[in-house]
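Report on the structure given below.
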Amino acid sequence: DKKKSLKYLLVSFGILKTAPAPAPAPVHSYTPANTEPASRPPWVTDDSFSQKFAPGKSTTTVTKHILPRGAPVPSPASTPAYPSPVSSSSQPPAIARGTVQRAERFPASSRTPLCGHCNNIIRGPFLVAMGRSWHPEEFNCAYCKTSLADMCFVEEQNSVYCERCYEQFFAPTCARCHTKIMGEVMHALRQTWHTSCFVCAACKMPFGNSLFHMEDGEPYCEKDYIALFSTKCHGCDYPVEAGDKFIEALGHTWHDTCFICAVCHVNLEGQPFYSKKDKPLCKKHAHAINV
């Protein structure tokens, strides 16, 4: 207490000075620049991410399809979209690309299906195609808008096209006849073919799903390839295939097990032999009469 009183008196008479209390540091309010790295995941930077991708929500993947050069691109606003149904149980069997189909007409009845284009109830006659129902006036070619109610159509990239537009813009070209392929396509040798055009160069039969061999740039079925190009054993007349042991003797090729004496059938591989009438003989039967 004495020390406090003395300090008070010294301060009062100006003998002892006290340092002023430090001023508070200025506080600056500012909005920091966006320092978030661009690689941060969207669920960190996007507050609504969890709502966009809630487990109960369905998501749609859109694939951009580029038409061939020179082909007019339909306007997105005027091009009807034909989304695939979510349920696979009601989906018809998968149809090969380029397959020509035809819609089926149904008269007005108590049944009121939803239109696959506008998603509205159809009251009156309707069409059924691709496992869905359509207003007859809304089932049109995605490019030329021709009605497909009574015409054949082809499904491509979730849209439908008349045969003429599909052939012009999407159908692949056959490597053999150089015409457009409508329907089933054969993919071979990095090219596309009509199934009836990809044939054996010898017998002209289509390969289908069979194996084929290439020789001088031409495909051959296995039977014709063996007959025309394979090396045959002179002893058994069967091909000498890759991995087989063989012997070349008397101007011919032999399986190692087929190069035997024509009389006693002893194997002559690595043994001295003689020949008579183009047949190998062991030393014992070198002068055999009946060969």
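Yeah, the Cβs are placed from backbone N, Cα and C, and that goes for glycine too.
According to TrEMBL, the features are:
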type     : residues : note
REGION   : 19-93    : region 'Disordered'
COMPBIAS : 47-63    : compositional bias 'Polar residues'
COMPBIAS : 78-93    : compositional bias 'Low complexity'
DOMAIN   : 113-171  : domain 'LIM zinc-binding'
DOMAIN   : 172-231  : domain 'LIM zinc-binding'
DOMAIN   : 232-291  : domain 'LIM zinc-binding'
DSSP tally for the domain 'LIM zinc-binding' (172-231), helix/strand/coil in that order, comes to 8 helix, 20 strand, 32 coil
In the domain 'LIM zinc-binding' (232-291), how many residues does DSSP call helix, how many strand, and how many coil?
0 helix, 18 strand, 42 coil
